[in-house]
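Structure, as structure tokens:
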Amino acid sequence: MAVTIDYSLCKGAECAECVNNCPMEVFEIEGDKVVVARPDDCTYCGVCEDVCPTGAVKVEPE
């Protein structure tokens, strides 16, 4: 499994719902962009995907 961000849809730091809601703190803001900073800590719970208002964050098979 992998967490991916579609940057054409992601609103980055102005939204940051994934950053603020991830129970494992997998995401970080770098500049105005959200990045998957700690992918090995991800438990693939899907919270990030559920809270993303634009559908930019996906939890998918690799």
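Quick reminder: no glycine exception, Cβ is built from N, Cα and C everywhere.
For the domain '4Fe-4S ferredoxin-type 1' (2-31), DSSP puts the residue distribution at 8 helix, 8 strand, 14 coil. Swiss-Prot lists 2-31 with the feature domain '4Fe-4S ferredoxin-type 1'.
Residues or ranges marked as [4Fe-4S] cluster 1 binding site by Swiss-Prot on the basis of similarity to another entry: Cys10, Cys15, Cys18, Cys22.
Feature annotation from Swiss-Prot assigns domain '4Fe-4S ferredoxin-type 2' to 32-62; the stated evidence is sequence analysis. Same-chain neighbours of the domain '4Fe-4S ferredoxin-type 2' (32-62): 1-19, 21-26, counting only residues six or more beyond its ends whose CB sits under 8 Å from a CB of the stretch.
Here Cys42 ([4Fe-4S] cluster 2 binding site) comes close to Met1, Val3, Met24, Val26, Val36: these same-chain residues lie at least six apart in sequence, with C-beta atoms under 8 angstroms from its C-beta. A coil conformation is recorded for Cys42 ([4Fe-4S] cluster 2 binding site) in the three-state DSSP classification, outside any helix or strand. What Swiss-Prot records for Cys42, Cys45, Cys48, Cys52 is [4Fe-4S] cluster 2 binding site, and it gives similarity to another entry as the kind of evidence.
Between the binding-site residues Cys45, Cys48, Cys48 has the most other Cβ atoms inside 10 Å of its own Cβ, all protein chains included. The binding-site residues examined here are Cys15, Cys18; by Cβ neighbour count within 10 Å, the least packed of them is Cys15.
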